[in-house]
Amino acid sequence: MDSKLIFFDIDGTIYDHDKNIPESTRKTVAELQRQGHHVFIASGRSPFLVKPILEELGIHSFISYNGQFVVFENQVIYKNPLPENAIRRLLKQADEGKHPVVFMAEDTMKATVADHPHVLEGIGSLKTDYPETDDLFYEGKEIFQLLLFCQDEEEKAYAAFPEFDLVRWHELSTDVLPHGGSKAEGIKKVIERLPFDIGDTYAFGDGLNDLQMIEYVGTGVAMGNAVPELKEIADFVTKPVDEDGIAYAVKELGLLK
């Protein structure tokens, strides 16, 4: 079988609802790589939050920050930071709305305020500690994503920023990306680098930030626990993550000999 490019989201896809990796997923990912397929993590997370999962699964390629930072075989092949002036203007709006922000750089993150309950809950869901506080951290640095902590109905106040796209990942937080940025854009950069046809690309996901990725690749797989919008556009809907959904889909799609 010719090798394929296979992209996996993390939460609700690689990770089950207890933030553990099912044994069937471990074995499937290892076998995909053993048989010559290129396996990627494709996540909204930062490189430093993706790293433990990469090490655990022996994966050396990833798309992070929803497509803004791409690595193939341990080499950075694409970076797309947010414009500093636009960050400054958004921070003014966030300050007026009393909405905390977390700056996400390549190797660290900083918060605009300390000990905010919404940040504590959102960041805690990523199994990481509350970031240090530095409201000017973005100045002179490459910031690839912001975490804006606001309720869904409060998000409308940020529609006037054409430089950004907002993608909700938590009931209390939304990712702030460069306009047009997505996991699909990250995959395009991989395909530009490697001689692969779009028909040889597969992606697995469960959330709203996977929509463009699932729609773009040759075969998009929605987990059984995915949001309805993703299931509607997927080429294949597998079993939930808690029911060995990745292993089931890989078998049904004939990706292993």
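Any Cβ shown, glycine's included, is placed from N, Cα and C.
Going by what Swiss-Prot states, the Mg(2+) site holds ASP9, ASP11, and the candidate of ASP175, ASP197, ASP200, ASP206 recorded there is ASP206. In Swiss-Prot, the phosphate site is described by ILE10, SER43, GLY44, LYS183, and among ASN20, ASN209 the residue recorded at this site is ASN209. Taking the C-alpha positions, the distance from GLY44 (phosphate binding site) to ASP206 (Mg(2+) binding site) comes to 12 Å. Residues ILE10, SER43, GLY44, LYS183, ASN209 make up the record's phosphate site, and a Cβ search at 8 Å around their centroid adds ASP9, ASP11, ALA42, ARG45, ILE63, SER64, ASN66, TRP169, GLY205, GLY207, ASP210 from the same chain. Using Cα positions, the member of the recorded positions ASP9, ASP11, ASP206 nearest to LYS183 (phosphate binding site) is identified as ASP9.
Excluding ASP9, ASP11, ASP206, which define the Mg(2+) site, the same chain contributes ILE10, GLY12, THR13, ILE14, TYR15, GLY205, GLY207, ASP210, MET223, ALA226, VAL241 within 8 Å (Cβ to the Cβ centroid), listed in sequence order. Figure note: comparing Cβ neighbours within 10 Å for the binding-site residues SER43, ASN209, the maximum is reached by SER43. Closest to SER43 (phosphate binding site) in space, going by CA atoms and restricting to the recorded positions ASP9, ASP11, ASP206, is ASP9.
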